[in-house]
Amino acid sequence: MATASGVCRGPVLQLPSSRVPHKRLLPRRAAVGAPAGNFFVKRGVAYNGRSYHHFSPLSQRGGLQAAVLPVTPILDDEEKRKQMAEDYGFTQIGEQLPDNVTLKDVMDTLPKEVFEINDVKAWTSVLISVTSYALGLFFIAKSPWLIEDTAWQPVWQREIESSPFLRKAIIFGYGPIRPWMSIAHWPNEVPRVKISLACVFAFMAIGWPLIILKTGLAGWFKFWFMPWMMSTFTMVHHTAPHIPFKSSEEWNAAQAQLNGTVHCNYPQWIEILCHDINVHVPHHISPRIPSYNLRAAYDSIKQNWGKYVNEANWNWRLMKTILTRCHVYDKDRYYVPFDELAPEESQPIKFLRKFMPDYA
């Protein structure tokens with residue numbers, strides 16, 4: 001019998017190597033929803049709507065042990081959802097939306113006002129972006145460091161010597177660890193990874209020098225690094241251990257948009273600069289909703305469908321969950337971390353899990 005602590009008693013099933021999950025852990029296109037068999041992962045324990053599995057460390061890839069016990073679908077249990085939310089860094093994990101609810105049903109509950117175009121609000125949004133851009137150029141021109149070096153801003157020796165944190169960040173961030181933060185060691189991914197790396201390095205070899213030549217290191221930071229960091233929005237809005245990918249045959253539009261989207265709150269200045277794109281659920285319900293009406297639309301969704309939505313305030317635990325758990329997809333277990341499949345080859349993931357902050 002299996003207990004909530006992850007201790008397995010009773011008969012243990014030894015799966016043959018032909019059924020080891022890594023044989024069928026293949027990427028699937030994002031089409032999220034919430035199936036009847038949901039799961040909950042905590043400290044190496046996986047709960048599944050059809051059965052309970054306690055997985056032993058895969059030091060050898062020849063098989064795994066699992067004790068099987070039917071349980072209630074986790075997303076239907078309020079207490080377990082609360083525990084999941086705490087462990088994953090969420091403030092709320094929503095219930096599964098009933099199968100008979102359509103996307104039109106959800107859209108019909110939105111007030112007509114959220115679809116209306118307001119010229120004043122629209123031009124205000126444009127003004128915010130243009131003003132931010134103009135101020136950025138102004139401060140670049142007035143930055144004192146330009147007096148010392150008009151081409152780029154170097155890292156001074158005294159800064160390296162005075163800041164152990166900066167020294168470690170440079171050494172580890174651009175040193176021998178960075179190239180291993182990939183899945184090049186997976187045989188079936190090697191050709192794709194080589195193509196991807198070739199494109200990345202080609203851009204670095206051509207694009208980076210041109211950007212730095214024309215705009216300096218600050219320009220590289222502003223025109224490449226910060227837009228790259230903005231991809232964090234996309235990752236947080238669509239990725240979580242409890243959000244499944246579904247095939248087109250199983251896909252449910254309403255479940256995908258409500259259950260499969262994460263509303264994440266950021267500091268207010270970030271939300272202003274990104275025009276409330278973090279209020280992401282209404283955007284998935286209907287792209288016709290202008291950015292300045294996203295909050296009003298989400299308020300309506302909260303009133304009518306609030307128990308089905310996923311919410312979080314940006315925090316380190318949320319990022320740690322995504323970066324250390326959501327790696328390889330399996331239909332039954334959803335996401336499986338690299339270090340469970342190949343622990344000897346996943347030292348960077350173990351490093352992140354050990355040293356990344358866990359504040360919620």
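All residue numbers here begin at 1 and follow the chain in the order shown.
The backbone N, Cα and C atoms fix where each Cβ goes, glycine too.
Among the features that TrEMBL reports, domain 'Fatty acid desaturase' is placed at 195-309. Positions annotated as transmembrane segment by TrEMBL: 195-221.
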Summarise the model's confidence over the domain 'Fatty acid desaturase' (195-309) as a mean pLDDT value. 89
Provide the three-state DSSP residue tally for the domain 'Fatty acid desaturase' (195-309): helix first, then strand, then coil. 79 helix, 5 strand, 31 coil
